[in-house]
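Under the heading region 'Alpha N-terminal domain (alpha-NTD)', Swiss-Prot lists 1-234. Annotation source Swiss-Prot lists region 'Alpha C-terminal domain (alpha-CTD)' at 248-333, citing sequence analysis.
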Amino acid sequence: MQISVNEFLTPRHIDVQVVSPTRAKITLEPLERGFGHTLGNALRRILLSSMPGCAVVEAEIDGVLHEYSAIEGVQEDVIEILLNLKGLAIKLHGRDEVTLTLSKKGSGVVTAADIQLDHDVEIVNPDHVIANLASNGALNMKLVVARGRGYEPADSRQSDEDESRSIGRLQLDSSFSPVRRIAYVVENARVEQRTNLDKLVIDLETNGTLDPEEAIRRAATILQQQLAAFVDLKGDSEPVVVEQEDEIDPILLRPVDDLELTVRSANCLKAENIYYIGDLIQRTEVELLKTPNLGKKSLTEIKDVLASRGLSLGMRLDNWPPASLKKDDKATA
């Protein structure tokens, strides 16, 4: 199979192998040599750092003033409880932040199912253990759940309002990403006689709030959106190209006097040897502002008059001035 050096193979086969409800293996092939690592590493970084999700960012526990406390009748200390709260897989439908409550007493296991939920809040892992209570134990707490992206340490959420925050409101370092683990390998692939191609295999596991296949789709969309700016890359000062036909637009051959500019503006243009509209539209704003006695007010007037005729400054004309105009100039001379 002969392929031009300017052409690249594009993946023609994608396979999704569902290992569990929260884990999947995605295979993409064939890829040009080296593109397996290029795409795999880019997607891996986006999945780990840029996927939005929800997490507990603050907890307030009755009888607890700081995270180094212990609660009577509770097997875990406060630090262990906070670590367990980080394992909650929560989905918010419609809101960016909510406050939830948990209240339980007596011997038994405290799980995510004991949290009192609002109508637009969902906990995907209700069996997740938060603490274990003895017969004389009780656990009452308020949890603030927020939507975010990536990893956010507690220090980054501190503000001037922290001084007025009541004692006992414990801030948590939060990992919002629904992706728990991702790894990729690049294997060999073959298409007809070409054996030096790549096959990308991504092994992805989430916390259940996001389907693995949907996570890959979102990561690819983010990457596509970020690279789109390079696809449409253009220079800031690129002149506008005027489509040329067999004959030049007659309006470009008319003298600038036909624009009915003020005497000041017209004299400034003639002083710069700008006699025809075709000469004028090829000048830029910067060039005109360098003209003696031509200020921003005159420049605005010129731009408005040209715009009324469908023209603008900074346009480019091929084969200007035309031969007929040169002959007229010589005859006048």
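Quick reminder: no glycine exception, Cβ is built from N, Cα and C everywhere.
Within the model, the region 'Alpha N-terminal domain (alpha-NTD)' (1-234) carries an average pLDDT of 89. For the region 'Alpha C-terminal domain (alpha-CTD)' (248-333), the number of residues in each DSSP class (helix H, G, I; strand E, B; coil) is 49 helix, 4 strand, 33 coil.
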